[in-house]
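Notes for the one structure printed next.
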Amino acid sequence: MSKPDFVRAQRLLGPVVLAVGLIVGAIGITVAVQHALSAYLLDVGVFRDAGQAFIDGENLYVDFDTRSGFRFIYPPFAALLFAPLTWVGEQTMEVLWTLASVAALFGIIAMAVRWLQRTGLGLPGPMDSRYFWAWSIGLTGLATCFEPVRAHLNYGQINVFLILLVAADVFGFTPRRIRGLGIGIAAGIKITPAAYALIFLVRKDFASVARSAGFFLLTAVIGWLLRPEASLYFWTTEFVNEERGGAPPYPPNQSLTGLIARLGVDSDTALAIMKPGFIVIAALSLWGAWRFERTGRRVHALTLVILGVCLAGPLAVTHHWIGIVLVFPLVFCTRSRAVRIAALLVIVANYLGMHGLYPDQESYAFEPGLWLLGNSQGWTGLILFCVLLIHAWKAKPVGGVGYAASHEENKPSPAVEEVR
């Protein structure tokens, strides 16, 4: 597609995205709020119980007083942050958590849109700063009915807030002097976000890497000072418990380990296969992020690393994949046909969310049709991951522009051109 054709397409799509996004968003938010009013949000209920246990000085792990029967598996620092959930009634808390989750979703997409506008990466026409709010609201509305988002809202999960903190750091919305705060705090709540410090590493922004580590250690120290016994148990027992998140065959687990386990392979074998697989995916994510950062493509870089984290982990149920909402701005900004098609496949698979076709059981024999449908969120994510790697390989380094963009925040990189 030539540049004039691309500009005209953007101008036609902009109003459509806003209109459809408002309709889809109204439906998605209404359903989510009604669910919060009528049902028990399991995960945020556990967070509330942990906050209450923290206030009362009760045990957070062994003999944890949980109404749902599910354990608390996060560090003591997280329980401290969850204490305010006890300040209002349960139903009010669940509605507020739901609305805050939607606001966080908007924040993630809005930061991505703003970054893409300021770098000029394929966002001409109506996707300029004059239309920032329209695009951000429209794309957020489209994302509210994404299955990872629906699962997040139904359970009252925390992952959208963690990705918000990560995105603020990666896209340069955290003040320079405390850059790394978002990733450090997110890792202090749930260890996994520490992986996103890799993006600072490939930028050679070692100060932000150090700040991320420092803020993470600060959360551990705070937890240790306030709850030393719980901290000792978490870091020596709970943290190293490989089964604390669940078994690999669990159908919502769309990581490669889950996909392999549902080929009829036992869990131990699937985990063994993915040990070297984890290293390969981590290395590819690091290389791809480095290539994208060289040309100022931060949305591409963060999307790639999010996919790598979800694919490589032993357990990544669909609400863990919530960061892939970045495919919404990505699919409209990229001029790479392969990236656009792969992103559209991910969008379709995650709107349908067909892992529910699997029956509820401990293990599964391989059934080709069921495997393709029930694992579509995982294998389309793998396709996009591979396509992004190819796109990163084709990306032409533009002197120091990419690194300059990485260190001089919110300044456009006019020399950067989208690979066609």
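Along the chain as shown, the residues are counted starting at 1.
Cβ coordinates come from backbone N, Cα and C, glycine included.
Curation does not apply to TrEMBL; its annotations are automatic.
Feature annotations, reproduced from TrEMBL:
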type: TRANSMEM; residues: 12-33; note: transmembrane segment
type: TRANSMEM; residues: 72-88; note: transmembrane segment
type: TRANSMEM; residues: 95-116; note: transmembrane segment
type: TRANSMEM; residues: 131-149; note: transmembrane segment
type: TRANSMEM; residues: 156-174; note: transmembrane segment
type: TRANSMEM; residues: 180-202; note: transmembrane segment
type: TRANSMEM; residues: 209-226; note: transmembrane segment
type: TRANSMEM; residues: 269-290; note: transmembrane segment
type: TRANSMEM; residues: 302-332; note: transmembrane segment
type: TRANSMEM; residues: 338-358; note: transmembrane segment
type: TRANSMEM; residues: 370-393; note: transmembrane segment
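Here the transmembrane segment (302-332) has Cβ contacts under 8 Å with residues 10, 13, 17, 105, 108-109, 112-113, 116, 123, 127, 135, 139, 142-143, 146-149, 151-152, 155, 157, 159-160, 163, 166-167, 170-171, 192, 195-196, 198-199, 242, 245-246, 248, 250, 252-258, 271, 274, 277-278, 281-282, 284-285, 288-289, 292, 339-340, 343-344, 346-347, 350, 353, 355, 377-378, 381-382, 384-385, 388-389, 392 of the same chain, all six or more residues outside its ends. Most Cβ pairs under 8 Å with the transmembrane segment (156-174) belong to 95-116, among the candidate stretches 72-88, 95-116, 209-226, 338-358.
Of the candidate ranges 95-116, 180-202, 269-290, 338-358, 370-393, 180-202 contributes the most Cβ pairs within a distance under 8 Å of the transmembrane segment (72-88). Within its own chain, the transmembrane segment (131-149) is flanked in space by residues 14-15, 17-29, 32, 102, 105-106, 109-110, 113-114, 117, 160, 318-322, 324-325, 328-329, 332, 347, 350-353, 377, which lie at least six positions past its ends and keep a Cβ under 8 Å from the stretch.
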